[in-house]
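Residues or ranges marked as ADP binding site by Swiss-Prot: Y23, G49, I50, A51, K52, S53, L54, E196.
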Amino acid sequence: MVRIMLLAEKIVCLSHYLESGLYERQQTIRLCLLAALCGESVFLLGPPGIAKSLIARRLKFAFRDARAFEYLMTRFSTPEEIFGPLSIQALKEEGRYQRLTNGYLPETEIVFLDEIWKAGPAILNTLLTAINERKFRNGDTEDKIPMRLLITASNELPEADNSLEALYDRMLIRIWLDKIQEKKNFRALLSSHKNENDNPVPANIQITSEEFHQWQKEIDKIVLPDSCFDIIYHLRQQLDATEHSPYVSDRRWKKAIHLLQASAFFNGRKEISPLDLILLKDCLWHDLHSFKLLPQYLNTLMTEQAYRQRILSQQIDSLYHQWTQACQDKNDQQALKLEKQTRLFGRKIQYSLPDHINEEKLILFLHTPLHLHDIKVNFIELEKKALNIWINKGRELSARLNGIGFPQNIAAEVNSAHQPEIFDISRRSSTLYLPDHQHQQNEENNEWQERLEKFNQEIHHQHQLFNQHQPCLFIESHWLATIEQSFIQLSDKIKQLKIKIGS
């Protein structure tokens, strides 16, 4: 585990060196680095002059002794310009069709192809084989290609053309770039005099070929937990059910999972976490519509499902409804109920206290605490005589609030269930009950608090998992802040319910 954590620290350090001097390209560098570390491809979409080629050159320095190839495609580009010219000598002397590949795509680790959609069919077909199989057929031999990262770029998306669609599907990570937005970054760009093509990475940080190949074996061992698979499957169902949603091939899903495995590995984890799934927003979009749609779907999944937030919220709501109903039932059972008196000719309903109330001084608790005369009142203390006067004459009830001070008048009525009900100034009401039931109510409240505490512990456990899945180098910080806010909302819900139950 220590070795894995040291690796994570090395990758963080490497990324910081690669990002230096590039403004508002931090996330792009990190995603391209992740793609390079697991042998995937990247498509950069954006206008000219926004450092697309510089990003590709920077990634070369992530690897020790890596070779790079870059080329600007035109409608007239030929395979010779990408894969190397034909050997005249081999053709003349041996009759062999062989290319001289030194310095061209078949012999380089980092490849950048700009204006990729202008490539002709001959280039596209050979390029597809190179991406899929990492092999290049040169005459009568088939050579392995050392390519670790292919970055393609364009200022437009491919047209609806089958010949281009196949290549577009091979570009696993798709990044939509724009010019620098922040004033301070624009100022820093204009003021910088550094040579952007210099190597910013110390040799001891660069990745060796031995390390790269060993890591590929380790990446494949990273586990996809059932909980993360369920989220992925839910996202897949959402996309399938959405009108005009992007078509995502099984191959792309498979390669996306490999990218998530790499993310987990280089963040020092042995299994994919929900945070890694955020990377799917850069893998599954196809056009402007899906580019905007995927972050919305993933935001919902991260704040509701990733750490059981929605289930916990629903369970807390259910507990609140159960408690409310239990309180209502208990209040109806415990509430002081007057006895209805029947008179032969009287039209007005008359009431009296139950016979079992013999005390001259009474303490009556409120089922729902009210603010009366600027005091939060939990119980009232009054003379039995005063209560009888109110029952018979229907005037305001006179009682000491919380048993303190002089008696004060309280608005009160007898409700349809024949129960005395008192009101505050905003007409919020509460029925009353005798102290015999107070001990029972405290015990019941403790039971509800204990049930609530179990939810609190589960929230704490899920929050601990969230913290354990960090830091996550390849995920932007605003995603982490959004997930953190979902835990704050759950905790606030628990606190509010605790106050209600304890009041």
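Note that Cβ sites are derived from N, Cα and C of the backbone, with glycine treated the same way.
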Out of A51, E196, which of the binding-site residues has the smallest number of neighbouring Cβ atoms within 10 Å?
E196
Near S53 (ADP binding site), which residues of its chain come within a Cβ-Cβ distance under 8 Å, counting only those 6 or more away in sequence?
E70, F112, D114, A153
Here the binding-site residues are I50, L54; the one whose Cβ sees the most other Cβ atoms within 10 Å is I50
Within 8 Å of the centroid of the Cβ atoms of Y23, G49, I50, A51, K52, S53, L54, E196, which other residues of that chain place their own Cβ, given that this set defines the recorded ADP site?
L22, R25, I55
Taking the Cβ of Y23 (ADP binding site) as centre, how many other Cβ atoms lie within 10 Å?
17
Within the same chain, the residues at least 6 apart in sequence whose Cβ is under 8 angstroms from that of K52 (ADP binding site) are L44, G46, F112, D114, I151, A153, L177
Neighbour count (Cβ, 10 Å) for G49 (ADP binding site):
9
